[in-house]
Amino acid sequence: MNEPRIVAPQPTTSEQYFEETLRPRRLAEYIGQDRVKESLAIAIRAAQERGEPLDHLLFYGPPGLGKTTLAGIIAAEMGVNLRITSGPAIERPGDLVSILTNLRPGDVLFIDEIHRLNRLVEEILYPAMEDFAVDLVIGKGPAARSVRIALPRFTLVGATTRLALLTSPLRDRFGATYRLDFYDTAALRAIVERAARILQVPITSDGAEEIARRGRGTPRIAIRLLKRVRDYAQVIGDGTITRELARLALDQLAVDELGLDEVDRLILRTLVEKFDGGPVGIQTLAAATSEEPDTIESVYEPYLLQLGFLQRTPRGRIATRRAYEHLGLTYPENRLQLEIPFEHAASERSSDA
(Lines of atoms letter the chains of each structure in order from A and count residues from 1; the text may use other names and numbers.)
(Lines give C-alpha, C1' and ligand atoms only; values in the text may rest on other atoms or scores of the structure.)
Protein backbone atom coordinates (compact mmCIF):
# COMPACT_ATOMS: atom_id res chain seq x y z
CA MET A 1 0.00 0.00 0.00
CA ASN A 2 1.94 2.94 -1.30
CA GLU A 3 -0.83 5.54 -1.12
CA PRO A 4 -0.17 8.24 1.47
CA ARG A 5 -2.35 7.89 4.56
CA ILE A 6 -4.07 10.99 5.84
CA VAL A 7 -3.64 9.60 9.36
CA ALA A 8 0.03 8.64 8.98
CA PRO A 9 1.99 10.10 11.92
CA GLN A 10 5.10 10.83 9.84
CA PRO A 11 5.32 14.26 8.16
CA THR A 12 5.22 14.50 4.39
CA THR A 13 7.85 16.59 2.60
CA SER A 14 5.30 19.31 1.85
CA GLU A 15 4.26 19.49 5.52
CA GLN A 16 7.66 20.22 6.97
CA TYR A 17 7.63 23.96 6.21
CA PHE A 18 3.92 24.18 7.05
CA GLU A 19 4.52 22.59 10.46
CA GLU A 20 7.28 25.07 11.21
CA THR A 21 4.83 27.99 10.94
CA LEU A 22 2.49 26.37 13.48
CA ARG A 23 5.00 25.22 16.07
CA PRO A 24 4.82 26.93 19.49
CA ARG A 25 8.03 28.81 20.26
CA ARG A 26 7.83 28.91 24.05
CA LEU A 27 6.97 26.42 26.77
CA ALA A 28 3.98 28.51 27.83
CA GLU A 29 2.50 28.10 24.33
CA TYR A 30 2.96 24.33 24.27
CA ILE A 31 -0.30 22.46 24.80
CA GLY A 32 -0.47 19.07 26.50
CA GLN A 33 2.22 16.75 27.93
CA ASP A 34 1.85 18.60 31.24
CA ARG A 35 4.22 16.44 33.30
CA VAL A 36 6.97 16.72 30.72
CA LYS A 37 6.39 20.45 30.41
CA GLU A 38 6.53 21.05 34.17
CA SER A 39 9.72 19.03 34.54
CA LEU A 40 11.37 20.85 31.64
CA ALA A 41 10.36 24.25 33.03
CA ILE A 42 12.15 23.49 36.31
CA ALA A 43 15.23 22.07 34.57
CA ILE A 44 15.48 25.07 32.23
CA ARG A 45 15.13 27.62 35.03
CA ALA A 46 17.71 25.82 37.18
CA ALA A 47 20.19 25.68 34.30
CA GLN A 48 19.65 29.37 33.55
CA GLU A 49 20.24 30.34 37.19
CA ARG A 50 23.47 28.32 37.26
CA GLY A 51 24.56 29.70 33.90
CA GLU A 52 25.04 26.18 32.54
CA PRO A 53 23.75 24.29 29.52
CA LEU A 54 20.83 21.96 30.10
CA ASP A 55 21.54 18.27 30.72
CA HIS A 56 21.30 15.94 27.73
CA LEU A 57 17.66 14.91 27.24
CA LEU A 58 15.95 11.99 25.54
CA PHE A 59 12.35 12.04 24.30
CA TYR A 60 10.58 8.89 23.22
CA GLY A 61 7.11 7.98 22.04
CA PRO A 62 5.10 7.58 18.83
CA PRO A 63 5.83 9.99 15.95
CA GLY A 64 3.98 13.28 15.65
CA LEU A 65 3.67 14.05 19.37
CA GLY A 66 6.01 17.06 19.54
CA LYS A 67 9.56 15.84 20.14
CA THR A 68 11.07 18.17 17.53
CA THR A 69 8.90 21.03 18.77
CA LEU A 70 10.14 20.56 22.33
CA ALA A 71 13.75 20.64 21.15
CA GLY A 72 13.08 23.98 19.47
CA ILE A 73 11.38 25.32 22.58
CA ILE A 74 14.31 24.27 24.77
CA ALA A 75 16.73 26.15 22.51
CA ALA A 76 14.49 29.23 22.48
CA GLU A 77 14.04 29.23 26.27
CA MET A 78 17.80 28.87 26.77
CA GLY A 79 18.51 31.57 24.17
CA VAL A 80 20.79 29.36 22.08
CA ASN A 81 20.93 27.94 18.56
CA LEU A 82 19.22 24.72 17.52
CA ARG A 83 20.94 22.29 15.16
CA ILE A 84 18.68 19.55 13.76
CA THR A 85 19.81 16.28 12.23
CA SER A 86 18.77 12.62 12.30
CA GLY A 87 20.33 9.23 12.91
CA PRO A 88 20.17 8.08 9.27
CA ALA A 89 21.67 11.38 8.05
CA ILE A 90 24.88 10.89 10.06
CA GLU A 91 26.50 8.12 8.04
CA ARG A 92 30.14 8.40 9.14
CA PRO A 93 31.95 9.41 12.33
CA GLY A 94 33.43 12.36 10.45
CA ASP A 95 29.92 13.69 9.77
CA LEU A 96 29.18 13.82 13.48
CA VAL A 97 32.58 15.33 14.34
CA SER A 98 31.92 18.09 11.82
CA ILE A 99 28.57 18.87 13.44
CA LEU A 100 29.95 18.81 16.98
CA THR A 101 32.96 21.01 16.27
CA ASN A 102 30.73 23.67 14.70
CA LEU A 103 28.48 24.01 17.75
CA ARG A 104 28.65 27.12 19.91
CA PRO A 105 28.63 27.08 23.72
CA GLY A 106 25.20 26.10 25.03
CA ASP A 107 23.79 25.10 21.64
CA VAL A 108 21.14 22.39 21.39
CA LEU A 109 21.86 19.50 19.02
CA PHE A 110 18.69 17.58 18.17
CA ILE A 111 19.13 14.08 16.73
CA ASP A 112 15.86 12.57 15.55
CA GLU A 113 15.61 8.79 15.17
CA ILE A 114 18.68 8.51 17.35
CA HIS A 115 18.20 4.75 17.59
CA ARG A 116 19.27 4.54 13.93
CA LEU A 117 22.81 5.82 14.52
CA ASN A 118 25.36 3.27 13.43
CA ARG A 119 27.67 1.90 16.11
CA LEU A 120 30.84 3.73 15.00
CA VAL A 121 29.02 7.08 15.02
CA GLU A 122 27.43 6.30 18.37
CA GLU A 123 30.82 5.66 19.96
CA ILE A 124 31.92 9.18 18.99
CA LEU A 125 28.98 10.48 21.02
CA TYR A 126 30.06 8.87 24.29
CA PRO A 127 33.03 11.17 25.10
CA ALA A 128 31.22 14.08 23.45
CA MET A 129 28.31 13.74 25.88
CA GLU A 130 30.37 12.95 28.99
CA ASP A 131 33.57 14.94 28.56
CA PHE A 132 32.64 17.40 25.79
CA ALA A 133 35.49 16.10 23.68
CA VAL A 134 36.02 13.81 20.71
CA ASP A 135 38.92 11.44 20.19
CA LEU A 136 40.30 11.18 16.66
CA VAL A 137 42.88 8.80 15.30
CA ILE A 138 45.29 10.53 12.93
CA GLY A 139 47.48 8.53 10.60
CA LYS A 140 47.68 4.80 10.00
CA GLY A 141 49.70 1.88 11.25
CA PRO A 142 52.59 2.45 13.69
CA ALA A 143 52.47 6.20 13.05
CA ALA A 144 48.82 6.49 14.10
CA ARG A 145 48.12 8.63 17.14
CA SER A 146 45.04 9.68 19.06
CA VAL A 147 44.17 13.36 19.35
CA ARG A 148 41.49 14.71 21.69
CA ILE A 149 39.55 17.76 20.47
CA ALA A 150 37.71 19.82 23.07
CA LEU A 151 34.10 20.73 22.32
CA PRO A 152 31.96 23.56 23.65
CA ARG A 153 29.50 22.50 26.34
CA PHE A 154 26.26 21.71 24.53
CA THR A 155 22.94 19.97 25.09
CA LEU A 156 22.10 16.85 23.11
CA VAL A 157 18.38 16.21 22.69
CA GLY A 158 17.67 12.77 21.29
CA ALA A 159 14.33 11.55 19.98
CA THR A 160 13.23 8.03 19.24
CA THR A 161 10.08 6.06 18.55
CA ARG A 162 11.86 2.83 19.54
CA LEU A 163 13.44 3.24 22.96
CA ALA A 164 14.25 -0.46 23.23
CA LEU A 165 16.57 -0.17 20.22
CA LEU A 166 18.88 2.29 22.01
CA THR A 167 21.99 0.71 23.47
CA SER A 168 22.40 0.95 27.24
CA PRO A 169 25.66 2.98 27.04
CA LEU A 170 23.92 5.66 24.99
CA ARG A 171 20.68 5.67 26.99
CA ASP A 172 22.57 5.95 30.28
CA ARG A 173 24.35 9.12 29.17
CA PHE A 174 21.15 11.18 29.06
CA GLY A 175 20.45 13.20 32.18
CA ALA A 176 16.68 12.79 31.84
CA THR A 177 14.36 10.67 29.73
CA TYR A 178 10.81 11.75 28.93
CA ARG A 179 7.97 9.69 27.50
CA LEU A 180 5.50 11.56 25.27
CA ASP A 181 2.00 10.07 25.35
CA PHE A 182 -0.94 10.38 22.99
CA TYR A 183 -2.97 13.56 23.63
CA ASP A 184 -6.48 13.52 25.05
CA THR A 185 -9.34 15.08 23.10
CA ALA A 186 -9.38 18.31 25.14
CA ALA A 187 -5.69 19.03 24.51
CA LEU A 188 -5.99 18.11 20.85
CA ARG A 189 -9.02 20.38 20.44
CA ALA A 190 -7.02 23.29 21.88
CA ILE A 191 -4.23 22.53 19.39
CA VAL A 192 -6.72 22.45 16.50
CA GLU A 193 -8.25 25.76 17.61
CA ARG A 194 -4.80 27.37 17.89
CA ALA A 195 -3.83 26.14 14.41
CA ALA A 196 -7.13 27.39 13.00
CA ARG A 197 -6.48 30.87 14.44
CA ILE A 198 -3.01 30.99 12.89
CA LEU A 199 -4.39 29.79 9.54
CA GLN A 200 -7.34 32.20 9.86
CA VAL A 201 -9.87 29.40 9.44
CA PRO A 202 -13.25 30.00 11.14
CA ILE A 203 -14.11 26.98 13.29
CA THR A 204 -16.69 26.25 15.96
CA SER A 205 -15.77 24.60 19.24
CA ASP A 206 -17.67 21.42 18.37
CA GLY A 207 -16.08 21.41 14.90
CA ALA A 208 -12.64 21.48 16.51
CA GLU A 209 -13.68 18.72 18.90
CA GLU A 210 -14.87 16.50 16.04
CA ILE A 211 -11.49 16.83 14.33
CA ALA A 212 -9.69 16.24 17.63
CA ARG A 213 -11.68 13.05 18.33
CA ARG A 214 -10.53 11.63 15.02
CA GLY A 215 -6.96 12.92 15.32
CA ARG A 216 -5.61 9.70 16.88
CA GLY A 217 -4.21 11.59 19.86
CA THR A 218 -1.54 13.08 17.58
CA PRO A 219 -1.19 16.83 16.87
CA ARG A 220 0.37 16.29 13.44
CA ILE A 221 -2.58 14.18 12.31
CA ALA A 222 -5.18 16.51 13.82
CA ILE A 223 -3.67 19.51 12.02
CA ARG A 224 -3.54 17.55 8.76
CA LEU A 225 -7.24 16.71 9.16
CA LEU A 226 -7.94 20.38 9.86
CA LYS A 227 -6.34 21.33 6.54
CA ARG A 228 -8.43 18.78 4.64
CA VAL A 229 -11.67 19.77 6.37
CA ARG A 230 -10.87 23.42 5.60
CA ASP A 231 -11.06 22.54 1.89
CA TYR A 232 -14.54 21.08 2.34
CA ALA A 233 -15.66 24.15 4.31
CA GLN A 234 -14.41 26.39 1.53
CA VAL A 235 -15.93 24.45 -1.38
CA ILE A 236 -19.21 23.03 -0.10
CA GLY A 237 -19.83 25.15 3.01
CA ASP A 238 -19.68 28.82 3.95
CA GLY A 239 -16.03 28.68 5.03
CA THR A 240 -16.70 27.85 8.69
CA ILE A 241 -15.85 24.41 10.03
CA THR A 242 -18.79 23.07 12.04
CA ARG A 243 -19.28 19.65 13.60
CA GLU A 244 -21.62 18.61 10.79
CA LEU A 245 -19.20 19.68 8.08
CA ALA A 246 -16.25 18.04 9.84
CA ARG A 247 -18.20 14.78 10.10
CA LEU A 248 -19.14 14.90 6.43
CA ALA A 249 -15.56 15.61 5.32
CA LEU A 250 -13.90 13.02 7.54
CA ASP A 251 -16.46 10.36 6.67
CA GLN A 252 -15.72 10.96 2.99
CA LEU A 253 -12.00 10.70 3.77
CA ALA A 254 -12.72 7.28 5.38
CA VAL A 255 -11.50 8.40 8.81
CA ASP A 256 -13.93 6.97 11.34
CA GLU A 257 -15.07 8.23 14.74
CA LEU A 258 -11.91 6.97 16.46
CA GLY A 259 -9.50 8.09 13.75
CA LEU A 260 -9.04 4.68 12.15
CA ASP A 261 -8.59 4.53 8.39
CA GLU A 262 -8.83 1.74 5.84
CA VAL A 263 -5.37 0.36 6.68
CA ASP A 264 -6.17 0.11 10.40
CA ARG A 265 -9.44 -1.63 9.62
CA LEU A 266 -7.66 -3.94 7.17
CA ILE A 267 -5.26 -5.05 9.90
CA LEU A 268 -8.11 -5.70 12.32
CA ARG A 269 -10.27 -7.47 9.73
CA THR A 270 -7.32 -9.59 8.63
CA LEU A 271 -6.77 -10.67 12.23
CA VAL A 272 -10.45 -11.45 12.71
CA GLU A 273 -11.48 -12.91 9.35
CA LYS A 274 -8.33 -14.70 8.20
CA PHE A 275 -6.89 -15.78 11.54
CA ASP A 276 -10.01 -16.06 13.74
CA GLY A 277 -8.80 -13.15 15.86
CA GLY A 278 -5.31 -14.56 16.40
CA PRO A 279 -2.86 -15.11 17.90
CA VAL A 280 -0.81 -14.55 14.76
CA GLY A 281 2.87 -13.69 14.33
CA ILE A 282 3.97 -10.30 13.03
CA GLN A 283 5.61 -11.79 9.92
CA THR A 284 2.41 -13.62 8.97
CA LEU A 285 0.25 -10.57 9.63
CA ALA A 286 2.57 -8.41 7.54
CA ALA A 287 2.46 -10.84 4.62
CA ALA A 288 -1.34 -11.04 4.78
CA THR A 289 -1.72 -7.24 4.70
CA SER A 290 1.12 -6.50 2.24
CA GLU A 291 2.88 -4.33 4.81
CA GLU A 292 6.39 -4.46 6.26
CA PRO A 293 6.62 -5.93 9.79
CA ASP A 294 8.48 -2.85 11.05
CA THR A 295 5.80 -0.57 9.58
CA ILE A 296 3.05 -2.46 11.39
CA GLU A 297 4.98 -2.36 14.67
CA SER A 298 6.02 1.29 14.58
CA VAL A 299 3.22 2.98 12.61
CA TYR A 300 -0.05 1.08 12.95
CA GLU A 301 0.14 -0.84 16.21
CA PRO A 302 0.78 1.94 18.77
CA TYR A 303 -2.64 3.54 18.29
CA LEU A 304 -4.48 0.20 18.02
CA LEU A 305 -2.80 -0.85 21.27
CA GLN A 306 -3.73 2.46 22.87
CA LEU A 307 -7.39 1.90 21.95
CA GLY A 308 -7.28 -1.63 23.32
CA PHE A 309 -8.17 -3.13 19.93
CA LEU A 310 -5.00 -5.18 19.69
CA GLN A 311 -2.85 -7.06 22.15
CA ARG A 312 0.65 -8.48 21.88
CA THR A 313 1.01 -11.86 23.53
CA PRO A 314 3.89 -14.37 23.62
CA ARG A 315 2.08 -16.31 20.89
CA GLY A 316 1.39 -13.30 18.64
CA ARG A 317 -1.13 -10.53 18.01
CA ILE A 318 -4.78 -10.96 18.94
CA ALA A 319 -7.86 -8.85 18.22
CA THR A 320 -9.79 -7.93 21.39
CA ARG A 321 -13.49 -7.70 22.12
CA ARG A 322 -13.27 -3.95 21.51
CA ALA A 323 -11.94 -4.57 17.99
CA TYR A 324 -14.79 -6.95 17.18
CA GLU A 325 -17.34 -4.46 18.49
CA HIS A 326 -15.82 -1.59 16.51
CA LEU A 327 -16.03 -3.69 13.33
CA GLY A 328 -19.66 -4.52 14.11
CA LEU A 329 -18.90 -8.21 14.66
CA THR A 330 -19.93 -10.63 17.39
CA TYR A 331 -17.14 -11.53 19.78
CA PRO A 332 -16.70 -15.28 20.33
CA GLU A 333 -17.00 -15.86 24.07
CA ASN A 334 -14.57 -18.79 23.90
CA ARG A 335 -11.75 -16.29 23.18
CA LEU A 336 -11.94 -14.54 26.54
CA GLN A 337 -9.15 -16.63 28.05
CA LEU A 338 -6.75 -15.41 25.34
CA GLU A 339 -7.02 -11.76 26.36
CA ILE A 340 -5.01 -9.91 28.96
CA PRO A 341 -7.33 -7.58 30.96
CA PHE A 342 -7.19 -4.15 29.28
CA GLU A 343 -6.07 -2.31 32.43
CA HIS A 344 -3.18 -4.76 32.91
CA ALA A 345 -2.25 -4.54 29.23
CA ALA A 346 -2.25 -0.73 29.42
CA SER A 347 0.03 -0.89 32.46
CA GLU A 348 2.41 -3.17 30.59
CA ARG A 349 2.47 -0.80 27.62
CA SER A 350 3.22 2.25 29.77
CA SER A 351 6.20 0.49 31.34
CA ASP A 352 7.41 -1.08 28.10
CA ALA A 353 10.86 0.17 27.09
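In case you wondered, yes, glycine gets a Cβ from its N, Cα and C as well.
Binding site for ATP per Swiss-Prot: Leu22, Arg23, Gly64, Lys67, Thr68, Thr69, Glu130, Asp131, Phe132, Arg173, Tyr183, plus Arg220 from the candidate set Arg214, Arg216, Arg220. The record assigns Leu22, Arg23, Gly64, Lys67, Thr68, Thr69, Glu130, Asp131, Phe132, Arg173, Tyr183, Arg220 to the ATP binding site, and the maximum Cα to Cα distance across that set is 37 Å. Sequence-distant contacts of Arg317 (DNA binding site), defined as residues of its own chain at least six apart whose C-beta falls under 8 angstroms from its C-beta, comprise Leu271, Gly278, Pro279, Val280, Gly281, Ile282, Leu285, Glu301, Leu310, Gln311. In this structure the alpha carbons, written CA, of Glu130 (ATP binding site) and Arg312 (DNA binding site) are 37 Å apart. Within 10 Å of the Cβ of Phe132 (ATP binding site) there are 16 other Cβ atoms, across all protein chains.
A simple way to gauge crowding: the CB of Thr68 (ATP binding site) has 22 other CB atoms within 10 angstroms, across all the protein chains here.
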